[in-house]
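Colleague: According to TrEMBL, the protein has these features:
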SITE      Asn31  site 'Discriminates between blocked and unblocked aminoacyl-tRNA'
BINDING   Tyr36, Phe86, Asn88, Asn134  tRNA binding site
ACT_SITE  His41  active site, proton acceptor
SITE      Asp113  site 'Stabilizes the basic form of H active site to accept a proton'
Amino acid sequence: MFPPFLYIEEHLLTPHTSLKAHMWLIAGLGNPGLQYQNNRHNIGFMAIDAIYQRFSFSPWLKKFHAEISNGLINGEKIFLIKPQTFMNLSGQAICEALRFYKLDLKNCIVIYDELDLPPGKVRVKTGGGSNGHNGIKSIDTYCGTDYNRIRLGIGHPGSKELVHQYVLGNFTKSDQEWLSSILDAVAKNIPFLIKGNNSLFMNKISQEMKN
């Protein structure tokens, strides 16, 4: 442990003395492969790509059964991760990354599709159940439940029998306007969530989606 009130210059940190409070893992959920890239189920991957494009990140590397990149957002060290295990094993890749970087679950944000929210709606929460989402079930099993979640609404097809086909279907042309807006809003305002200001994150997104 460092002595109380000792200020440490960040550039003097060694790999053994890093400030984990200033490191975050942001994961997007989806399925790998070109045939899935425009699916509703892949909106988590799309959000990660939007964050990657807005800020300065390293080229993607294959590690932890995932694609991973690192960079800085407002001085915070950020790892972006897109598991390549397919949705149902997302927790395997995320848990490996958390262990490798010695990060707590509270420093993990997971972005994924939510059937029970209307298209274009966003909700943030910490912990809770999976609501039937297999990617979230996997993370809960491998890692635990006490992580931050950004739920991106994709709407519901109306009956349980249609869900599988719906989430693995592509966004339509009419979806593109709200989809582009929501991805841009999440990427633009993610610094507020990293700073722990969930309410400001939500307020900013709500304002931008209204506009």
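Backbone N, Cα and C atoms are what each Cβ position is placed from, and that goes for glycine too.
From a predicted model like this one, the values you see are computed outputs, not experimental measurements.
Walk me through the surroundings of each of these features.
Modeller: Around the Cβ of Asn31 (site 'Discriminates between blocked and unblocked aminoacyl-tRNA'), the same chain contributes Asn39, His41, Asn42, Phe86, Met87, each under 8 angstroms and 6 or more positions distant in sequence.
Note: Asn134 (tRNA binding site) has non-local neighbours Met87, Asn88, i.e. same-chain residues 6+ apart with C-beta under 8 A of its own C-beta. Taken residue by residue with DSSP, Asn134 (tRNA binding site) is part of a helix.
The secondary structure of His41 (active site, proton acceptor), as reduced to three states from DSSP, is helical. All protein chains considered, the CB of His41 (active site, proton acceptor) has 23 other CB atoms within 10 Å.
Mapped onto three states, the DSSP output places Asp113 (site 'Stabilizes the basic form of H active site to accept a proton') in strand.
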Colleague: With every protein chain in view, how many other Cβ atoms are within 10 Å of the Cβ of Asp113 (site 'Stabilizes the basic form of H active site to accept a proton')?
Modeller: 24
Colleague: For Asp113 (site 'Stabilizes the basic form of H active site to accept a proton') and Tyr36 (tRNA binding site), what Cα-Cα distance in Å is obtained after rounding to a whole number?
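Modeller: The separation of the Cα atoms works out to 14 Å.
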Colleague: On the three-state reduction of DSSP, what should I expect for Phe86 (tRNA binding site)?
Modeller: coil
Colleague: Report the largest Cα to Cα distance, in Å and rounded to a whole number, among the residues Tyr36, Phe86, Asn88, Asn134 that the record lists as binding tRNA.
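Modeller: Greatest Cα separation within the listed binding residues comes to 16 Å.
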Colleague: Can you see whether DSSP assigns Asn31 (site 'Discriminates between blocked and unblocked aminoacyl-tRNA') to helix, strand or coil?
Modeller: coil
